[in-house]
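The structure appears right after this line, and notes come after that.
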Amino acid sequence: MPKWIRSTLNHIIPRRPFICSFNSFLLLKNVSHAKLSFSMSSRGFRSNNFIQAQLKHPSILSKEDLDLLSDSDDWEEPDCIQLETEKQEKKIITDIHKEDPVDKKPMRDKNVMNFINKDSPLSWNDMFKPSIIQPPQLISENSFDQSSQKKSRSTGFKNPLRPALKKESSFDELQNNSISQERSLEMINENEKKKMQFGEKIAVLTQRPSFTELQNDQDDSNLNPHNGVKVKIPICLSKEQESIIKLAENGHNIFYTGSAGTGKSILLREMIKVLKGIYGRENVAVTASTGLAACNIGGITIHSFAGIGLGKGDADKLYKKVRRSRKHLRRWENIGALVVDEISMLDAELLDKLDFIARKIRKNHQPFGGIQLIFCGDFFQLPPVSKDPNRPTKFAFESKAWKEGVKMTIMLQKVFRQRGDVKFIDMLNRMRLGNIDDETEREFKKLSRPLPDDEIIPAELYSTRMEVERANNSRLSKLPGQVHIFNAIDGGALEDEELKERLLQNFLAPKELHLKVGAQVMMVKNLDATLVNGSLGKVIEFMDPETYFCYEALTNDPSMPPEKLETWAENPSKLKAAMEREQSDGEESAVASRKSSVKEGFAKSDIGEPVSPLDSSVFDFMKRVKTDDEVVLENIKRKEQLMQTIHQNSAGKRRLPLVRFKASDMSTRMVLVEPEDWAIEDENEKPLVSRVQLPLMLAWSLSIHKSQGQTLPKVKVDLRRVFEKGQAYVALSRAVSREGLQVLNFDRTRIKAHQKVIDFYLTLSSAESAYKQLEADEQVKKRKLDYAPGPKYKAKSKSKSNSPAPISATTQSNNGIAAMLQRHSRKRFQLKKESNSNQVHSLVSDEPRGQDTEDHILE
């Protein structure tokens, strides 16, 4: 079956006109019962066998349609999410028909735009031009809020009013004709796409070991195995993981932990989905103690969420700082749940400060102001960084807030990461507890052999920043091409130079940054929702902002006429004016002015370098269009020439790195990285120290601290300068297997575990026992509700002496003994019969306190 038809099946067909062969049109119409119209046209067509079809009414295929199509030998059912509710169907249809009140064109609604592949070189308006055949794109899972979907997913819409379809006798004939004709018209050939010029290799440090690199010969479509169809890989939680999910659904504050590879991060992602379904997407704060860990779960650092900066100062000072920020104040007021990953690196003092802030802002004396808490991490891994070497480390579980608020502490026991390598699991568990025997030491020393040289570059982990910098600089020197040096601009009101230099070291942005084309880099600042501290990417080119402005406009609309580029190339002032209009949109003047001054100051900090031509790989997005039209080919060539001219006009200007970043979901994003500013402020928000620099650092090698929470298929670890408890365990447990692990300078005397952590872990319970306790508590609660007092309600006394139950309201009005019975319900009573009084009923207690007790009935 033609790929175009396959990609259309069991999805909404676009309302705009589309081009297909006549046979494909008949096949689609017969199978889908879609109300289609068509017109014969020769413009842009090679023969009259091709028609322009248009959907009169949006249509969705049912399961019966899919069953019919699956009879074909060539049919491959796409493994992708289906719409399930009529409400969603109506919403999508509404979005398709929605028109902009100004230009009367369909609005670029988020759900509608999901029909268009984000990496497509065509614009929205060009997707359905008569001269272009562009198949409708699949709907990705992220197109819809999963919280609004049913838990039991079907394979498609079921319409009970429409009978199952009968197979047409000409089905095979139509199918074969469609294959031959559709292939001749495919605009994008998946097998012949231009390779992305993205350097040789990149070790992507993500939580998903199946996608571990970006290669020069691998485009985005190859990241999914089914020819462009995004495959939904189902997450199957273990029984203990499901038990923890149920505890969270019941509103409990939870801390769960486990050894490396027990699926803590996977469970956390599923729990976040559940919590967002309960509280709403905007009311669940997803955070982590480090930027890289936050990147893995799609969140931000706890410091960034809370609005406390570095968290220095007493709790009241930080509270006042949060109060001054409307954004952070609103966050604290509205959230229903707070998720913190890698809680082990958060110290007790900071956790108590956050608890104080939450209670004060929310005016609620419950722990964290009544916010549901979900903590995850492993205290056997890296401890909090001690600010004062003379003060002992205090873990988060030692804080007052933890003891008051976190009642469910659970240990995960099933290992997934090193599953199948029982020996490796045992070695890691011994290292975790600091209990290394002779055999374990021998096994780790065997791993000093070099790793096989294949396509995947091993990530290198070191214990100190100096070692990381040395390794990264060595890798950079091996790359060909010119080195671009970016010097930071430091400032601030602090006069003590020694203290100032020490504070500047807290910034992740380096004082001097060396980059080349092909360098692997990491973002060190949160810029937006998808580009955060910890995002990894590769430098593919250097260009000035003016050139990038033209380049971005061309990538957004490859069909842009060359005349527009000619105007900008011949008249740079018009280009600058267009840039200023673009940058000022949506920004307050003060903010825009500050950003402009930062960039200008950084640009003046270096002399312009000689301009080298843009690499041809930058224009690969235009070469993906397969066409024999000489006019189109000439336009593409002309646009490349104009871009080179605009680039050459940038002589004397600072050129910035153009980086292709890789997200945790394997999508890519091209960004011209511009300078950012960092500052440490006093109580009046006056900068004590500040730095302006590109928010990048080289990332072939990482410190062990930054690697916590990562899964690395190939990793090289040097333990020569390990200095912290848990540091060696974190580094070695990043590996998936011994085959992908190289260990240098292993020393068993450096493998230690903290005694406080060992004692704390002895108090943890299993997920199964915690859930059983929850069920028992619910039964007790239900029993209490069943026996709760009320009008005309007969309750059994809880007193073991069979004391009377609370008396009904009618009796209370006639008998003054009711108040006394309620005050002393747990004491023994003996009441004598009284004449001329209303009848009073009392039930016999089912919990006798002694054998000599008697049942008493009030009458």
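Here the Cβ of each residue, glycine as well, is placed from N, Cα and C on the backbone.
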Residue carrying phosphoserine as stated in Swiss-Prot, selected out of Ser70, Ser131, Ser243, Ser737: Ser70
Annotation match for phosphoserine in Swiss-Prot, from Ser7, Ser39, Ser169, Ser238: Ser169
Other CB atoms, at most 10 A from the CB of Gly258 (ATP binding site): 24
For Ser259 (ATP binding site): intrachain residues, at least 6 apart, with Cβ closer than 8 Å: Asp378, Phe380, Leu412, Val415, Leu428, Asn429, Arg432, Ser733
